Amino acid sequence: MRSTEEGDAFDGEASNTSMISGASSPYQPTTEPVHSRSMFWGLRFDMDYLKSYFGLLKVVEVLSLIGFICIETIMRCSPCGGIYFFEFVSCTAFVVTGVLLFIFCLNLHTKVPQINWNLTDLANTAASTIFFFLCSLVLAIVNHSTGAEIAATFFGFLVTFVYAVNTFLAVRRWRRGNNSQGGAQGSEYMRARTASRGEMEARPDLA
C-alpha cells in the first residue's frame with residue numbers, strides 16, 4: 001500500500017515538474033502572426049493595396065505601355081509631331097505610374113514620411129489625365145488612319161478616362177486627409193486653451 005502511495009506521489013510531482021518546465025520553456029506556442037514569405041530585407045508586398053481601387057487603377061494605367069508599343073510600330077510618318085507627342089506622354093506616364101505602384105505595393109512610402117505621397121499621387125494622375133487627353137486628341141486629328149495609330153488613340157482615351165477616375169478619388173482622399181488633420185489641430189488648440197484657462201482660474205494672482 002505504501003509503495004502505491006509513493007508511486008502516486010511521484011507521478012504527481014513529475015506532472016507538476018513537467019508543467020513548471022513547460023511553462024518556463026522558451027519553445028512555447030505563440031499567437032503572434034508568422035511573417036509572410038514575401039518579406040525581403042524588411043519589405044512586404046502589400047496585396048491589400050493592389051486589391052484596392054487605387055491599386056487596380058494603377059495596374060490599368062500601367063497598360064499605357066500598350067499605346068506606346070503601338071506608336072513604336074509606326075515606321076513612317078509625315079507629319080510626326082502628334083506621334084512624338086503621344087510617344088513622350090505614354091512613356092513618361094508609364095514610368096512614373098509604374099514607380100509609384102512599386103513604391104505603394106512595397107510600402108516604401110512609409111519609410112519616407114517627409115513626402116506627402118497622397119499629394120504626389122494626385123499631381124501625377126492630374127497631369128497624366130491632361131496630357132493623355134491632349135496627345136490622344138492630337139493623334140486622333142493628325143493621323144494616317146493606320147491600325148497602329150487607331151489602336152494607340154483608343155488606348156490613349158481609355159487611359160485618360162482611368163486617370164480621370166483616379167484623379168477624382170485622389171482629390172477626395174486628399175481633402176479627407178486635410179479635413180481630419182485640421183480637425184485634430186483644432187481640437188488640440190482647444191485643449192491647450194482650456195488647460196491655460198484652468199491654470200488662470202487656479203492661480204488668481206496671475207490674472
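Glycine is treated like the rest: Cβ placed from N, Cα and C.
Heads up, TrEMBL stuff is auto-annotated, nobody curated it.
Listed features, source TrEMBL:
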COMPBIAS  1-11  compositional bias 'Acidic residues'
REGION    1-32  region 'Disordered'
COMPBIAS  14-32  compositional bias 'Polar residues'
DOMAIN    49-175  domain 'MARVEL'
REGION    179-207  region 'Disordered'
COMPBIAS  196-207  compositional bias 'Basic and acidic residues'
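Confidence annotation: the domain 'MARVEL' (49-175) carries a mean pLDDT of 91 in the model. In the domain 'MARVEL' (49-175), helix, strand and coil residues by DSSP number 105 helix, 0 strand, 22 coil.
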